Amino acid sequence: KNISDFSLNVTDCTQVVVPEEVFFTVAAAGILENLLVLIAVVRNKNLHLPMYFFICSLAISDMLGSLYKTLENIFIILCKMGYLTRRGDFEKKLDDAMDSMFILSLLGSIFSLLAIAADRYITIFYALRYHNIMTLRRAVAILAIVWTFCAGSSIAIALFSYEAATVIPFTILFPLMMFFILCLYIHMFLLARSHAKKIASLPTSTAHQRTNMKGAITLTIFLGVFLCCWAPFVLHILLARFCPHNPYCACYMSIFHVNGTLIMCNAIIDPMIFAFRSPELRSTFKKMFCCGR
């Protein structure tokens, strides 16, 4: 809030405000869509696979992101109406809790995408041993470790967010994880063609390779959407921390509400990708809405 007020004094850029109706509509749509994905995976036993468990993890992260922005907007409205103060003890604890939820959503999304990328990598290059390597029990264990780490990290970062030693690793983590996933992609696609030639003699190799590459393309879409929706907000955090008094930085920070809305748009787009790319999910959604056999 202080940074936003200061930015108006050092730049001529007008503060861009997203209407509250649009804000809450986008947030509600994101929460409902991802909730439908979770219900579909729970109801359909054919979807009880490691890949869909990782997709559910990403859906939970998206829901947390939309929920965080919704609660933050409600908090701001209550402050403007005078029901809450900005510097009270209760408000500070509430603000720390919401910051922790935001960081949990960000870290959960990053590690969920990393888990999906690793799963696709094993599927493509170790197709014959996939079910021995990535069992359902191992997938659950991986998710338990990931969410335990993310929860602990989010609480620590939220409580010590004003310490430089905590802020710097957090700001480095986002580009570092994205760089690691991109390297994994490059390696995956460079070897995919040569790997396809090695297994071309197998009877079902063509169908499996087509399915595996479709999964890799789906993951590429996920990563592209994630970067487009989250990178502007992370850049806002970096600018607010390291150059809040620069007029150019302040001008960029004037679109804070737009960057926050992009995070919620990510929660809307991801379930659409799930439904569009997965015939099994589309079939489950049809049964849920049409009550068909």
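Just so you know, the numbers here start at 1 and follow the chain as drawn.
The backbone N, Cα and C atoms fix where each Cβ goes, and this holds for glycine too.
Summarising the annotation, TrEMBL assigns domain 'G-protein coupled receptors family 1 profile' to 33-274.
Residues annotated as transmembrane segment in TrEMBL: 22-42 (among others).
The transmembrane segment annotation in TrEMBL covers 49-68 (among others). For the transmembrane segment (49-68), same-chain residues at least 6 beyond its ends with a Cβ under 8 Å from one of its own Cβ atoms are 26-28, 30-31, 34-35, 37-38, 41, 98, 101-102, 104-106, 108-109, 111-113, 115-116, 119, 123, 134-136, 138-140, 143, 146-147, 215, 222, 263-264, 266-267, 270-271, 274.
Annotation comment: TrEMBL describes 102-128 (among others) as transmembrane segment.
Among the features that TrEMBL reports, transmembrane segment is placed at 140-162 (among others). Same-chain residues lying 6 or more positions outside the transmembrane segment (140-162) and placing a CB less than 8 Å from one of its CB atoms are 53-54, 57, 96-97, 99-101, 103-104, 107-108, 111-112, 115, 170.
Annotated transmembrane segment per TrEMBL: 168-192 (among others), in sequence order.
If you look up TrEMBL, you'll see 213-235 (among others) marked as transmembrane segment.
Taken from TrEMBL, the feature transmembrane segment applies to 255-276 (among others).
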